[in-house]
Amino acid sequence: MSLWEYANPVKFLGLSARVQPYVWGGAALCLIVGLGWGFFGTPDDYRQGSTVKIIYLHVPAALMAINAWFMMLVASLVWLIRRHHVSALAAKAAAPVGVTMTVIALITGAIWGQPMWGTWWAWDPRLTSFLILFLFYLGYIALWEAVEDPDTAADLTSVLCLVGSVFAVLSRYAVKFWNQGLHQGTSVPLATGGRTVSDVFFYPLLISMVGFGLLFLALVLYRTGTEIRLRRARALLARSERGA
Amino acid sequence: MMPELGKYAAEVLAAYGVSLLLLAGLVGLSLNKGRKARATLADIEARKDG
């Protein structure tokens, strides 16, 4: 069995329908436990006070904002190289989810920053690269809507996605590249394991991160199915109009 | 039941309120669009077969 079998829309929809109940269920469970534990069951931080509870939203949303773009990048590359329609539609389906995660990260960051940094916004490397990533998301979605031919739209948005990946990388590593600005370093560096968050905050945060990841997966599976159906509906309509 | 949020209660509640609203909106709009797409496709296929 090959992964490319699922480039067939019918097989993709079949697999998607089978796994979605588990993914939606897992997402709901992890979000309720992670956010509920974080909000109701963790103490205040000795410096941040109760604003530390914003971490359970801000960090997972920021993580998914960047990872959504990387998922779109992989799907766009698959489209450009192998011309599988499902991959182009999956990238299209992921963009509104990614932009929502980016907005949540920006808003929760600003709400946290005002009392902690004394400002809603600073032209800090990470914040600025995140804002540019947000604008790339908007441009990507607008481009899909602006181009009528779906294959041309997929080509153009895939190229835009490649360009925007620079800012997705910068959003993640801006703190390390420039080593300046207000934003602190990564709280949970998964690659090195040297986290700066104590256990009492870390475990609910981890569960929230898993919950956001599963929610992203569930939404992308569902929305990709929607895009496949809309594409088939348009194709059938065009065929019947040609036949009439 | 409600935790003591102290002087930052407004910030914490605003962050949770806005985020949960955005997530609920995204899920709701996605489900709505999905339902409409299924209905549209079913209608077109029924007309084609009929």
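Heads up, the Cβ atoms here are built off N, Cα and C, so glycines get one too.
Automated prediction, rather than curation, is the source of TrEMBL annotations.
The feature domain 'Cytochrome c assembly protein' is assigned by TrEMBL to A:16-183. Marked as transmembrane segment by TrEMBL: A:21-40, A:60-81, A:93-113, A:125-144, A:156-175, A:200-222.
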Which of A:60-81, A:125-144, A:200-222 contacts the transmembrane segment (A:93-113) most, counting Cβ pairs under 8 Å: A:60-81
Cβ-based contact of the transmembrane segment (A:200-222) with the transmembrane segment (A:125-144), 3 or more pairs under 8 Å: no
Local confidence of the prediction over the domain 'Cytochrome c assembly protein' (A:16-183), expressed as mean pLDDT: 92
